[in-house]
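Residues annotated as carbamoyl phosphate binding site in TrEMBL: R51, T52, R101, H129, Q132, L264, P265. Per TrEMBL, L-aspartate binding site is recorded for K80, R162, R225. Among the features that TrEMBL reports, domain 'Aspartate/ornithine carbamoyltransferase carbamoyl-P binding' is placed at 2-141. The feature domain 'Aspartate/ornithine carbamoyltransferase Asp/Orn-binding' is assigned by TrEMBL to 149-298.
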Amino acid sequence: MKHLIDPMDISIDELESLFKLAEEIIKNEDDFNNICSHKILATLFYEPSTRTRFSFEAAMLRLGGQVIGFSEPGSSSVMKGESIPDTIRTVGSYVDIIAMRHPKEGAPRYASYYSQVPIINAGDGGHQHPTQTLTDLLTIKRTKGQISNLTMGLCGDLKFGRTVHSLIKAMSRYENIKFILISPQELQIPEYIKMEILNKKNIPFIEVERLEDVIDKLDILYMTRVQKERFFNEADYIRLKDSYILDKEKLKLARKDLSILHPLPRVNEISYEVDEDPRACYFDQVEYGMFIRMALITKLLGVM
Ligand code: CP
């Protein structure tokens, strides 16, 4: 693995090795606080972020490395018309590894063709978000004890939600996974995910509109927000944005051992009252995101 652009760039063995390393870091973080000294991470974020950028930066700082970059391209020569290849060649000559978020699908892959250092896709448009998937898988492994034999409900904006696309891809490699895809008709999962992943691998899935009809069947409920920034028409966003609101009342229908995940940010789709429910895992998920990124940086830099 040189770059991480797509969740499938990581083999199952490499995933297991990352989880093992993340667990070691969680247990004995002090043992790792200098292993990236003299290494520099660049975070090139052409789109807003809180968790992904801060967790990458915190991860590198906690490993003893340093961080440069931009949180929006307006402060860089991108505004003068500089191309992705030229930006990447330039930044790559100053740093050892680059995490890049971009609104255009495929931009991090394009960047990787020109990069002399590892590129990590930190989210490209409505396409993929592989490091969120690492976070999600570590959360599932820690809460459920395994990533196989699970019925997972994915709820909300399955059309534009890149975290959902990446997670389905990654989970499709584990045994006995069933998906229940809960969305309004207009926000159903893209055909290519059905054709290239679900149908091709004979993975059982159903598509439904009502969360209440299926919540009792789920081991994991992965909530997502409606992705306002991907809509062409604001009226459509306003009509669809509150399609699902998970609250205490709906959770009465769910199993006691349900795990509720959400990549965050949340808007309205999980009521704040749910945060106290022991089934809510999304703030643990936030924290695991930093530890798995520490493990990823370490592996990509080859310092372990
Ligand atoms: N989950 C996630 O990608 O969050 P941010 O957009 O805040 O990075």
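The count begins at 1 with the first shown residue.
Glycine is treated like the rest: Cβ placed from N, Cα and C.
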Most Cβ neighbours within 10 Å: which of the binding-site residues R51, H129 is it? H129
Return only the integer: C-alpha distance in Å from R225 (L-aspartate binding site) to P265 (carbamoyl phosphate binding site). 7
So if I take the binding-site residues (R51, T52, R101, R162, R225, L264) and measure from each Cβ to the nearest atom of ligand 1, which come out below 6 Å? R51, T52, L264
Judged by the number of other CB atoms within 10 angstroms, which among K80, R101, R162, R225 is the least packed of the binding-site residues? K80
What other residues of the same chain, not counting R51, T52, R101, H129, Q132, L264, P265, have a CB atom within 8 A of the CB centroid of the carbamoyl phosphate site? S49, T50, A122, G123, T163, P263, G289
Given K80 (L-aspartate binding site) and R101 (carbamoyl phosphate binding site), what distance in Å do their CA atoms have, once rounded to a whole number? 19
Alpha-carbon spacing, T52 (carbamoyl phosphate binding site) to R162 (L-aspartate binding site), which is rounded to whole Å: 13
Between R51 (carbamoyl phosphate binding site) and R162 (L-aspartate binding site), what C-alpha distance do you get in Å? 15
Around the Cβ of L264 (carbamoyl phosphate binding site), how many other Cβ atoms lie within 10 Å? Please give the count over every shown protein chain. 19
Helix, strand, coil: count each for the residues of the domain 'Aspartate/ornithine carbamoyltransferase carbamoyl-P binding' (2-141), based on DSSP. 69 helix, 25 strand, 46 coil
According to DSSP, collapsed to three classes, what secondary structure does R162 (L-aspartate binding site) have? helix
